[in-house]
Amino acid sequence: MGNASFGSKEQKLLKRLRLLPALLILRAFKPHRKIRDYRVVVVGTAGVGKSTLLHKWASGNFRHEYLPTIENTYCQLLGCSHGVLSLHITDSKSGDGNRALQRHVIARGHAFVLVYSVTKKETLEELKAFYELICKIKGNNLHKFPIVLVGNKSDDTHREVALNDGATCAMEWNCAFMEISAKTDVNVQELFHMLLNYKKKPTTGLQEPEKKSQMPNTTEKLLDKCIIM
């Protein structure tokens, strides 16, 4: 009877431990590894695929329907050779209607992803105001914060923005550049891996046109062995 009672308590304890957040478990077993917050801000006009991109990255599922977004934050705990990161990715809608919120998000951001749709030229043009806002807020420390210009929907044949157009814009803004497809999962995971290992340089290499089965050369050089936990 006593053994049965003990077994029941042990099972309850194990069940509770399984429900503990990964963060608490890591702190219990790896107290020597400091967990750092890393905030990535994703911005773009309505319909460019920001929410779909993040949903694809977080769950591996493609979201077909469009859901208007003001601001959402996705959280993920990552472990890599540099330590343990608490990754916070904020999906922020560009535009003048929520400029105060944008300023707050930019001030706290460690990295920025500027997303446009290759099927609509105006979505690239409208990113300029947000890029200038980042420059204004970060000021002389701008070089410390990686910025990646991302052309989404690269799988769509009806494009208005050529690969070279996006690359040229990235050169002008001195930021990294890559094209992705959230729908076909091209370069989605590589994008966020690159951000975690990206080091800002005075000059930025351009992405070479790549095959679907290959990752960009810039990403390959920056990609570290990170484990999603």
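Note that Cβ sites are derived from N, Cα and C of the backbone, with glycine treated the same way.
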Which listed span Swiss-Prot calls motif 'Effector region', if the choices are 66-74, 75-83, 219-227: 66-74
Residue, out of the binding-site residues V48, A182, whose Cβ gathers the largest set of other Cβ atoms within 10 Å: V48
CB contacts for S92 (GTP binding site) [other CB atoms within 10 A, all chains]: 24
PLDDT averaged over the residues of the motif 'Effector region' (66-74): 51
